[in-house]
Every structure is written in C-alpha cells, then in structure tokens.
C-alpha cells in the first residue's frame, strides 16, 4: 500500500500510477525469466486526506485506466492488480456514501477496502489537536548528506495549513513554552539547541534505551496536566521558531503563511 497524498494526490494518480504499473510489469517479467514464476503483485492506493468519496472514486477511475478491470459474475468491474483502501474520515455514514458511489459507477466493492481508524472508537484524534507527525529527513544509500522533506498536501481544504515540519527537529523551553527548531543543513552548522537543552529525546530505537527510562502513566498525566494549565494563556502563540518558519518558507513558499500562523 502507498500513501498517495504526500504532495498532490491527483497528480500522483495521473502521472505516478502508470509508472508504477510499468515497474510492476517489468519486475514480473524479470522474475518469470529467472524461473521465479509469474506474478505482478498487487498495488494498493491509499488516499489519506480530502473528501473520502471523491478520493476513493478518483483512485478507482485512474487505477482502471492504468491497470484495467474485468467484470465479475454480477457485472461489476473489479480492478486487476490494484485496489483502493480508505481509512481517513471513515464512519458509518461516509462508508455508506462511498459504497453507494462505487456501485453507481459500476465498480465492485471488492476493489475497495476500509480502515476503521480511531474514528469508530473515539472522536479525539490528531485533527482535534491540529497535530500530526510525518517524515522530516531522509538519507539515501550512497549519499553523504541527507535532505529535509515535508508533507505539503496541495489538494485539501486550507492547504496552506496542511503541512508537516521539515528537518531533524529539536525542542527547547523558552519562557515556559516549547519552541521547535530544525537542525541546519544536515548538521553542517552549529546546533541551535544544545543536547542538554533538547526536550525531544530518543527513548525507543529498536527497543527501549537504557539511558532513557520511561515514566509511568501517572507521572506523564500529572506532568501534562500541570504544563497544560501553564500553557493555556499562550495557546495563540506559535511554537515554531523563526528559524524553522524560514526553513518552511524556503522549501514551500505557499505554506509560509500557514507556518507564520501555526499555533
């Protein structure tokens, strides 16, 4: 499965999906030539934002163009080698709307899967706090230096506010509140936050780290309750440092305004 909305979902469907099909066909041909037997594999499109009905239908239509389909015994189209999974925004009402739209367009529901997510259990979620974490830095094999990356959805409402923070992040307390910085240029400069001041610490890396003992839940809850009361008057103050805002503007000028107001 591939999360397809990291930048522009509809552009990915139009331009990337056909290339994925070619790559799968080439891999299948190579495997068959090597005696591994036939088999192209199965690709799953995962839209993760936007209107659930529109996202699923766009995925089905473009997947049929790229991968093709065949009719089942009931006369509905089943995608070949590809399907769509929708987990974002799913509840009993949106699920019913999606199924109705899928059937109305002649597709079989066999080509769509649904994730339950936290929405079926509770309504306190990442959108409640307007917060989510995403990949911020990557280093490819064979490269001496890494590169900062940021998720910047182009197709969702209020797109200027729909972005993640780029870079290797550091957090420092300033005047009683936490302020976020980004390590400059893959560490090729003086750290803006000294290690002893960095509140963002690794506590788990392929297992718990001995030098970073975990607090129990009672301790965590007490700390959150105390700090939440302390931060309440500052709720409209952005936690992003000016340095990080400049980095966001450099990577994605259209999201600079959202960074300036992000709180």
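Cβ coordinates are placed from backbone N, Cα and C, and glycine is handled just like the others.
Taken verbatim from TrEMBL:
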- 5-135: domain 'Nicotinate/nicotinamide phosphoribosyltransferase' (DOMAIN)
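Averaged across the domain 'Nicotinate/nicotinamide phosphoribosyltransferase' (5-135), pLDDT for the predicted model comes to 87. Taking DSSP states H, G and I as helix and E and B as strand, the domain 'Nicotinate/nicotinamide phosphoribosyltransferase' (5-135) has 60 helix, 19 strand, 52 coil.
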